[in-house]
């Protein structure tokens, strides 16, 4: 089992399943309903009318593109100062590869997951830039597989993470994994990553499936016998317990204006603001993911001979006509002087200038599975004209890097919008409009540390308000105003604001996050994610569109609220009105999600009279206590933890039982239950019906703790005996299914010879992974381990 740094309060595997019970946000209240509550507000009517028009247009042109993509919404207002500033300060050429922060080119085969590769490539470069390091110094490699799979795999109906949103997400019409690992909007990554779903290391979710017969990935070979890529016939599914794994918290995504603009008649017009915005972000160290129309959307696909957009001799791409995008890549630089003559003769752009674009179709300097001869000198790169008429949704991704150590290794995201975005469809109003999500604190006393929202217009002013709601609250502002903070965001996208001081929220408290977004010119906006229902997707498929997925958005009463025309309305009612306007008297064609308003909470510190904030074990004790892995003495938060006390073997079994089999532990922790559980180990010192009996049975059955065997003649488990450091290392190693380790990892310790033979690989493995660090150059393998040391080892193990 690989325990990682995760969101949602230890939400990984069995550990996450246990601790998620009682942690997921629940609706704070359901507002009373009457006829007035169900009247359509102007913003809702306009939203529905706009969507109806989009559906009609999609059917007319035979493409899903108009349904959810409104790239013009992200455009600058005329005369924005940033445009002039950028024009004066940016160099004629720039290449992030020269900074050493561009990761190697990869190969997306066998799936059409270019959008995921583009987003991950942009993320990798931004992270390296923020860290102030290079790929050579820190070979960062994040997983595209994890992002793509969980973007279009719905939450299961039995999810413990967000039970109120069970079943929310995307489903396939044909049930195939090809429809999961399929094309998507460039905006999808933002909504997924901001939900605490990824990114994770490539090693955690490698880009391959598994053959059900061999248990290994199947390789597809070229006619010449060279390995090409992994087979699409394998099982590419990922374990649901890995959904909310993450290695870094998304801080902001910026959706930039596009160079490919349109005039009032919908005709193409070059938008210099888009070019300058992309350049500005690249110059900051951020690679930019984009979509555009390529000759083919994946390597090996047959191109349309009537529409060749790339010159294969110069690898210069220029789509000279308005058409839907079909591919995503990552911009890593630009050249203002790149000659327009290098593009296809007869279809050359009006001026010089091109982006340096990183593709996901492999490169000849890479090894399998990323080797392929494509692009300039086989490098995997190409030039893309500034004037390409299909460039869309330019986007950057920024993460918490410098301040991540200051954050708790476990936290809660209160959120409802778990239907991944496929584009922006904002609500708009010329009069005051705001939106709110209402949450209940059910993960114990907590500290609210940050808030987030999404915007769709550059230079939007956002006002955040947090209310502690009264018991009789009907509306989201019926209570005490705890804080107000205001931010102005240069670009559209996802934005997160850290509070100057965390706000204490007691367990069980109902609170509301109210967001007001005011765009330049006084227009109020609020982005909303929506997808096609099964009925809508089937209708579009019947009309000839290539639709393979449909969405389910779960919006319960009392979760989200819209303030429009001077009154609050439950969004659960409003979304019903939207569907009635679009398809009166018929099945709903679209499914509209909750508002993308989130709150991020840390657990409030657990107080022990013998643990102080300056103690070396303070963070580990907080981890173990908050997770319920190690209880203090005295039964209350002001009791003792006993950091220097030893732990007995049966209690060590109980700690791992709580950590690795939490659902079982929850069912057997009641004295009335464990009193009837018999010893199943055969060990004479394990008694029936004790608090430890279920845990010892579990540990023995799974080979994690086997007792003393016959070595000492007793065949005992060791109930009542203290456990030492090498013994605890061994049971952790067994729980991890550890194999042989490099024993040279022990060479730096003066007492390595004291490590027992049975424990050598276990101790070496944990030393290699930083779980055991020793003290004063010694491991002290046979010294009884303390409770503080156990808490520390568990925290380090969890953070691997």
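Keep in mind that glycine also has a Cβ here, set from the backbone N, Cα and C atoms.
Features of the protein shown, as given by TrEMBL:
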- 604-670: domain 'SLH' (DOMAIN)
- 679-746: domain 'SLH' (DOMAIN)
- 749-800: domain 'SLH' (DOMAIN)
- 1-30: signal peptide (SIGNAL)
Over the span of the domain 'SLH' (679-746), how high is the average pLDDT in this prediction?
91
Counts by DSSP class (helix H/G/I, strand E/B, coil) across the domain 'SLH' (749-800)
27 helix, 4 strand, 21 coil
Counting each residue once, how many in the domain 'SLH' (604-670) are helix, strand and coil under DSSP?
28 helix, 4 strand, 35 coil
Counts of helix, strand and coil residues, the domain 'SLH' (679-746), according to DSSP
24 helix, 2 strand, 42 coil
